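These notes are about the structure you will find just below.
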Amino acid sequence: MKSPASQSGEASSPRLAAPPPVEASNAPVVTPEAASLDKPKPCRELSGNAKSLIMTSSLFFTITLLQYIASLPRFSNSLALRADCLSMFVDGLSYLGNLAAECNPDEQSKRVVEMAVSGLSLSLLLGFTVYFAVDAIDDIVTAGDKDESVDPHIVLAFAMLGLLFDMLSLFFYAFWNGAQHRGYTPLPSDGDQGKLGTSLSEVAGPRGGVAWLGNINMMSALLHVGSDFLRSLTTLIEATVILNIPTVSSVRADGVSALIVCVIIGVGTLAALLVWIREMQTDLHIHMSPALSKLEAPEYIHLTTHPLDSPHGADEAHKLCQKLGVAPAAVPMAIGAASSAEAQHSPAVAVLHAAPAATQEPGG
């Protein structure tokens, strides 16, 4: 039994206050993973291809404007310079479209943009070629009836400037790995890092590795630079002939030069159009397959572009058969289907020919 003193001591001792009840909060719990997602992501670094396209397009538009002004009758009166600079203007437009495709993070829409831009620019180049070729033939035929001349000094100056510009453009491609001059394959996920072992005819695909002419975007851009180099060389020869052979009609020499320029543009454009048509046929084959349409199409559009007779072709066909659930026995069938032109170009098309059941809907 407790004494009164102890009871009074207990009564007088301060009682510990209970902690206040915790009220339920409706605020969402932010996990470290979610907090990291809310942080602003750093801007995507420009690839080497994008840098070279920006520099090349800037140079193209600058020299095109200056050359067009100089080609007018008030100055040099050169049809060859006009044909060259208008083709360069189309090239500059194609570079802007190629740049938009190169900077597009969505691989599927990027493929559509680059194919559309390449097809449009090649069509415009072909149209300008025909137009200026007709004018060039007229100058050659009627040169003796025209009371006008071509200033060879201005033509020579822009020919030298054009050659310098083309060498700078090729330097930018090599420096930023826009073209794989030394067997270097950039991995887009790692900026400009890459691996050795790519041949000169190969261009980097969207997932690193190798793609056989898969990047038609950059191939088209390099084709334009090479074509412009030949055109500048032609105008350089024209100016040299006019300056050193006074008996030659400057108008006729300019007409011949313009016709050669048009032939150079036409040959390059037709060659690029053939590649563009082949790429389009492969894309249509892949997209028209019910099974392949459910796969990651942007990946396989580029992943399955090795010829079957290449070191990578059989391996690509095997990967595709595994992805479609085709028996391993279908791989030799796919390789044997390479007798068709489409199958020779793409293991995906070979698998479609050799194992058509793999592309059908379940139960179909």
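In case you wondered, yes, glycine gets a Cβ from its N, Cα and C as well.
Per TrEMBL, compositional bias 'Polar residues' is recorded for 1-11.
Annotated domain 'Cation efflux protein transmembrane' per TrEMBL: 121-270, in sequence order.
According to TrEMBL, the region 'Disordered' annotation covers 1-41.
Long-range contacts of the transmembrane segment (112-134) within the same chain: residues 79, 82-83, 86-87, 90-91, 93-94, 97-98, 100-102, 104, 216-217, 220, 258-259, 261-263, 265-266, 269-270, 272-273, 276, 279-280, 283, each at least 6 residues beyond the stretch ends and with a Cβ under 8 Å from a Cβ of the stretch. The transmembrane segment feature in TrEMBL is assigned to 112-134 (among others).
Here TrEMBL flags 154-176 (among others) as transmembrane segment.
Within its own chain, the transmembrane segment (255-277) has Cβ neighbours under 8 Å at 79-80, 82-84, 87, 115, 118-119, 122, 125-126, 128-130, 132-133, 135-140, 143, 213, 216, 219-220, 223, 226-227, 230-231, 234-235, 237-238, counting only residues six or more beyond its boundaries. Annotation comment: TrEMBL describes 255-277 (among others) as transmembrane segment.
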